[in-house]
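Chemist: Straight from Swiss-Prot, here's the annotation block:
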type     : residues                                                        : note
DOMAIN   : 8-95                                                            : domain '2Fe-2S ferredoxin-type'
BINDING  : 47, 52, 55, 77                                                  : [2Fe-2S] cluster 1 binding site
BINDING  : 116, 154, 821, 822, 1103, 1104, 1105, 1106, 1218, 1285          : Mo-molybdopterin binding site
BINDING  : 117, 120, 152, 154                                              : [2Fe-2S] cluster 2 binding site
DOMAIN   : 242-427                                                         : domain 'FAD-binding PCMH-type'
BINDING  : 270, 271, 272, 273, 274, 275, 276, 277, 351, 360, 364, 373, 417 : FAD binding site
ACT_SITE : 1287                                                            : active site, proton acceptor
């Protein structure tokens, strides 16, 4: 639809090509334009709020001051298309292409195995590319900063950082940039396993073929468009206006035009970076008829330095502010830069670099956000705001009155913020900033603070004091009364005590404060004051500002400089962020193995380069189909209610709306009895799908959902927590129970009995590609083509078939690749596919359904939260004789996979321990939350934490090291599990012993103890955990697989199998198998997709057996084909593969074969409590060392050593990637990830802004992974005796949790507190309970 007349022409460049647009809608973002209008789908959409980095592109503008183009990384989802006039945009397609030339950045991230599912990879590439364009030889600190705004759920970041490090000037690992030795060959502190000349000479550590990297030459990059240079240099910048259907965008060309516009439209918001307005518009549907962009006003970006301070234009970005501050700090005396240094420190943690490149100083100040990092510092630093209007200019203070929104101290109608003046600090003045956040990077603070003190010269007497906090109210809060009462005091501990009392009395945090966590925030108020006190003492001790004749002796006689002991220095330091290092060890292939045989070699993910160039096609990258419609879902806003009515009339009148899909439109089955596709009579949770809107565009569909009127009648009870469910006896299925021996009798014959509780929070899958599906109805025979992001296309096929009441053979489901799954794209994706299919049938047109991040998190469920209770009886030696564990999981409102999860949890609960008397019981609770579902590990990560917590408690009670108690209770010899399945624990002991040796646990524990004795405010902890993970489904039918292999007459081979590529590299492994069996190179082999039309009746790709079963099926097909070719090959042994294939065709020999693997026998009899539910086990061990900040609860991961039993690895690089990714995902579960719900059951932590998965800064500083040598791993069960590693590494992340617990115990010992403490129920494992536990 054409927009109203009067729009100007928008001119910008994309990948070197000029783009001219007249009818520009101000509501369209750069991301939408790139994907929809230009077809540049390499730029991905994952969150819509600028917080995940998948849509990162490079934005270049000509800077008049430096006479050079400025290249920055930005998130395209936040950039309004209207804002691009005069800019050049570079997407991943513009960096390099497989069809033309792959750029070194793209090549290195792929060859470094830095890509798994590949959905985040284009964003990673663009962040690295923008960094190199600005800093051709970056430092490692700059590398980490550049990637802080990019999220990855698969890899664990280590290989991505490794690829970036190859460009760094200060990197010297493994021979790069002039290093003479590999780190393996250098003597050190035990970081690396024994060297190549030692007992592990058959082990290999080279995952990255650095010698194959093409060099990078910065002089060969594309030039900035000369036309844009001329536009920037034009002395007259015209005003630009762009009109859309609902919004008009005006970009004035001069300050006078801006002020006049502001006077006429004082209510219109000013938009610079769109980092606040954009996400609000997306999440809240907030629309402003007029938007004013002052980005092109030079006066608003002017920087002036005078003798009294620094004046910075309001439109300067936060990234530019960092550069401005760095320059001033380097040029000015130290005493003048106190406020500047505090600001510079705070800026390093504000959002990600992409957002800092967009967000403006003025926007940050004027937002008055509660969680502001800068406003507390600016307030205490006595910053002033230069305001301007048509009536003139005025100056106001950024003080408590401005922050509180007092009218006389704020902007008046028609005014704008022109600049911010930051005064230079004075002699004897000290300014510091503080923050504590859920994550070290790219996270809003729980609490931030700015504090300033000025002393009477030559004394310790407080002359002026200012304290401000963010995160404790609706805006930045100051404490003027407390500060006033402390004036004239000396800087002593008595003053500190008084300050804490006064501040806690003045700065009150209401229980209903945004974000809650009142007790934790009050702890931080005091912690920051204490840290401020010590930092000022440290500065005074250094006599930094003293000049003759003023000396310490001329100070007041009532006070002397204290000599800060070294032990106190730990309280002064922030937790540092380091680029991780480490070694990845795996077994070399047999020297006798033919070089063309790829099995056992670290082959790059076969889609790696396509991921890195943006050429890998995901579901929503498929081109728009003729007459395609878009679907958006209408979901419940009540947790438990009767649906009185659904009125779509208003929605149907909106432009573009084609239909409303309700349960009445379903021709077949509406889901199951307890799990409806579309709600009918009542809703059971917030987020349950009621109906769907189908419209011409996705924007129209989403906007129309708010016009569907749903009337409810609330029902009781509303059950949200496990404790509520227990109280209401609200359960989804019968109790699952296993027993061994006689626990009651055993409890009578022990030295000690302990009882305890364990809480494990929920976890969001947070696959980078949200749920999405495209349904295309065909014109005859009720046929449908479905293109989906799913782990289980056969299940989607069945669900759609039953929903539409058509045979399975009319429904074909296609899966090219999936942008991460982790269990979340098994059952729930089928539900979405069925709803979209109903829309397609009703309208007779293709329907595309793509969930945004908030919708995905709201609807699809995640990992089951757990509440566990244990009773353990043990001897003084630490030997456990009896153990009784009761587990409850929060299953949500319907059954889904909850019964299977509780079964698997109970079956695997014993972990690595042989305890003669056991009783395990488990219940799945029914609550009014969205149904929780399958998730990597399937209950084991929650359940195993219970038994390991029990072991830790036993060790504390006995005064023994936890690893000694673990060893004492481990399986020793071939034995039977609690469910009476025999296995050999030999690989478990090898992993455990290897881990202890490589990590040097005794030596490092001694060093940690010595550190702890000297450091009251920083504590270190070490933990080692073993793992026995049973692989597979507990049902024989789920272990079967099929394959189809075609050999074409040119010798090329097409392989199809029933597994789905989720990022785990299953397609790569399958081609390695086919290459070995057919004896042809990988370059002749290809996998196109997974389709229910080629391989029917497939099993979900899950339970870590995808490569096992599909590998056997591919092997079977290839062996069939090779057997057919053998007579021809024997007749012509010198012939080529192509000649043999051609001869077979001439002799009418079939060159197509199916393969089939019947699977493993697996069963479980719950009545008898016995069976053989799993075909084999994966074993492993992990040791982690952490350091915690006792004042804030923050931690740093110093080192992790992992040893995994991978059998005979098909591809060590892929398997190590699975281990590292699972480990970090597990560390996230146990330490950073939090799901919060309102009392009404609404999800509060939706999207990456609130829900924090691990970032690159969360990787251990030293991360060593070893795949156990496979000498004794031969088994006929799996393909080439390999083992599935997709899930098992998840639990090893708990080693971080227990290391933190060990450090907290050390801190509590110092303070005379009990060591055996219970982690609070709220936010188990995050920094909040750790801080409170120490306090």
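Cβ atoms are placed via backbone N, Cα and C, with glycine included.
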Chemist: Check the Cα-Cα distances from residue 154 ([2Fe-2S] cluster 2 binding site) to the binding-site residues 77, 272, 821, 1105 and tell me which is shortest.
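Modeler: Closest candidate to residue 154 ([2Fe-2S] cluster 2 binding site), judged by Cα separation, is 821.
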Chemist: Under 8 Å Cβ to Cβ from residue 116 (Mo-molybdopterin binding site), same chain, six or more residues apart: give me those in sequence order, or none if nothing qualifies.
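Modeler: In sequence order, 154, 155, 605, 1063, 1064, 1065, 1217, 1221 meet the Cβ cut-off.
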Chemist: What subset of the recorded positions 47, 52, 120, 272, 274, 1287 lies within 10 angstroms of residue 1218 (Mo-molybdopterin binding site) at the C-alpha level?
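Modeler: So the list is 1287.
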Chemist: Where the distance is taken from Cα to Cα, which of the recorded positions 47, 117, 821, 1105, 1287 turns out closest to residue 364 (FAD binding site)?
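Modeler: Nearest candidate: 47.
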Chemist: Around residue 117 ([2Fe-2S] cluster 2 binding site), how many other CB atoms lie within 10 A of its CB?
Modeler: 30
Chemist: Listed binding-site residues are 272, 417, 821; which of them have CA atoms within 10 A of the CA of residue 117 ([2Fe-2S] cluster 2 binding site)?
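Modeler: The binding-site residues close to residue 117 ([2Fe-2S] cluster 2 binding site) (Cα within 10 Å), listed in sequence order, are 821.
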Chemist: Would you find the one among the binding-site residues 77, 120, 276, 1105 whose Cβ has the most company, meaning other Cβ atoms within 10 Å?
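Modeler: It comes out as 120.
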Chemist: Can you tell me the CA-to-CA distance separating residue 77 ([2Fe-2S] cluster 1 binding site) and residue 274 (FAD binding site), as a whole number of Å?
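Modeler: Just about 10 Å between their Cα atoms.
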Chemist: How many Å separate the Cα atoms of the residue listed as 'active site, proton acceptor' and residue 1103 (Mo-molybdopterin binding site)?
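Modeler: So the Cα of residue 1103 (Mo-molybdopterin binding site) lies 7 Å away from that of the residue listed as 'active site, proton acceptor'.
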Chemist: Give the distance between the Cα atoms of residue 55 ([2Fe-2S] cluster 1 binding site) and residue 417 (FAD binding site), rounded to the nearest whole Å.
Modeler: 31
Chemist: Compute the centroid of the Cβ atoms of 117, 120, 152, 154, then list the same-chain residues not in that set whose Cβ lies within 8 Å of it, in sequence order, for the [2Fe-2S] cluster 2 site.
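Modeler: For the [2Fe-2S] cluster 2 site, the extra neighbours are 115, 116, 118, 119, 121, 153, 155, 768, 819, 820, 1063, 1221.
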Chemist: Roughly how many Å separate the Cα of residue 270 (FAD binding site) from that of residue 120 ([2Fe-2S] cluster 2 binding site), to the nearest whole number?
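Modeler: Taking the Cα atoms only, residue 270 (FAD binding site) lies 32 Å from residue 120 ([2Fe-2S] cluster 2 binding site).
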Chemist: Only counting partners 6 or more residues apart, tell me which same-chain residues put their Cβ under 8 Å from the Cβ of residue 417 (FAD binding site).
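Modeler: Counting only residues 6 or more apart in sequence, the Cβ neighbours of residue 417 (FAD binding site) under 8 Å are 314, 362, 365, 366, 385, 386, 387, 411.
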Chemist: Compile a sequence-ordered list of residues in the same chain as residue 821 (Mo-molybdopterin binding site), six or more apart from it, whose Cβ lies below 8 A from its Cβ; state 'none' when nothing qualifies.
Modeler: 765, 767, 790, 791, 1060, 1062, 1063, 1101
Chemist: Excluding near sequence neighbours, so keeping only residues 6 or more apart in the same chain, what lies with its CB under 8 A of residue 52 ([2Fe-2S] cluster 1 binding site)?
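Modeler: Set apart from residue 52 ([2Fe-2S] cluster 1 binding site) by at least 6 residues yet with Cβ under 8 Å, we have 46, 120, 123, 150, 151, 768, 853, 1248.
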Chemist: Over all shown protein chains, what is the count of other CB atoms within 10 A of the CB belonging to residue 1218 (Mo-molybdopterin binding site)?
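Modeler: Total other Cβ atoms inside 10 Å, all chains included: 27.
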Chemist: Reported as an integer number of Å, what is the Cα distance between residue 1105 (Mo-molybdopterin binding site) and residue 152 ([2Fe-2S] cluster 2 binding site)?
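Modeler: Given the Cα positions, residue 1105 (Mo-molybdopterin binding site) is 23 Å from residue 152 ([2Fe-2S] cluster 2 binding site).
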Chemist: Within 10 angstroms of the C-beta of residue 152 ([2Fe-2S] cluster 2 binding site), what count of other C-beta atoms is obtained when all protein chains are considered?
Modeler: 31
Chemist: Three-state secondary structure of residue 77 ([2Fe-2S] cluster 1 binding site) from DSSP?
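Modeler: DSSP assigns residue 77 ([2Fe-2S] cluster 1 binding site) to coil.
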Chemist: Whole-number Å only: compute the distance from the Cα of residue 274 (FAD binding site) to the Cα of residue 1103 (Mo-molybdopterin binding site).
Modeler: 43
